[in-house]
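To keep things clear, I will list the structure first and then write my remarks on it.
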Amino acid sequence: MCPCPHSQAQGETDGEAEWHNAALDFTHAMSYGDYLKLDKVLDAQFPLSPDHNEMLFIIQHQTSELWMKLMLHELRAAREHVKSGKLGPALKMLARVSRIFDQLVHAWAVLATMTPTEYNTIRPYLGQSSGFQSYQYREIEFILGNKNATLLKPHAHRAELLAALEQALHTPSLYDEAIRLMAAQGLPVSQERLARDAAAGTCYEASVEAAWRQVYQAPERYWDLYQLAEKLIDLEDSFRQWRFRHVTTVERIIGFKPGTGGTEGVGYLRSMLDTILFPELWRLRSNL
């Protein structure tokens, strides 16, 4: 026990001062580690190379997948709330998704401590595995409206994952539901847009911009839709920053070498920067 006179408050016993009455016996109770299943989580890192730096590479990607799991949890629920017209909860969930993207943006700085020399040591052990094959990331893209049936192919060897992604492909996106909600409130969205195949993905449609323009020109009248539009812009803004930081991190580590999954690496990632999730919301800013 530390003899320092400042180590305990007046009137406390030595035991109380040291442990602050914290529970210490978990023989018949659930502990922190039990609740979080830390035995499983912390036993899921299996480096294939002898290199010290591979642990960083694994944990960077595993933690990203955990954040994406939470993102999907929020996006699925937000989509259902938008579908039912309950925008209050949806706005909170979308704000949380934006903050998750911010968290992932900052996380790239940790991976960026890996040098090209260090990465080249572990690269031969990675085979063809690549973040391009992340099924959670693919579902996030599908929920946000960036859909392409070709991207189901990397998951054909996992029947349960393929089925889940096929369902996500054919389910209306979050943005589809926002557009339907505008139409339900009497805003001028074309029937062609409302009847469009959900698997086709988002593309610009003039009537949707016209509807959003009415929302922005009368925010007091359409306050909930106005707030929804701004939350969608926040989300895509954060998503774009995450993508840009991804490109920069990959370029500083591997340069312009091909990616492990067979893509052009940085060239492929740069092409993804041109993807626009909610095109009408961006274009109307030039036309207000």
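Even glycines carry a Cβ here, placed using N, Cα and C.
Remark: GLN60 (substrate binding site) has ALA107, VAL110, LEU111 as non-local neighbours, by Cβ distance under 8 Å and separation of at least 6 in sequence. Under the heading substrate binding site, Swiss-Prot lists PHE57, ILE58, ILE59, GLN60, HIS61, TYR119, ARG123, THR260.
Cβ neighbours of HIS246 (heme binding site) (same chain, under 8 Å, six or more residues apart in sequence): TRP108, LEU269. Sequence annotations record features per position, and here Swiss-Prot assigns heme binding site to HIS246.
For ILE58 (substrate binding site), the Cβ neighbour count at a 10 Å cut-off comes to 16, with all displayed protein chains included.
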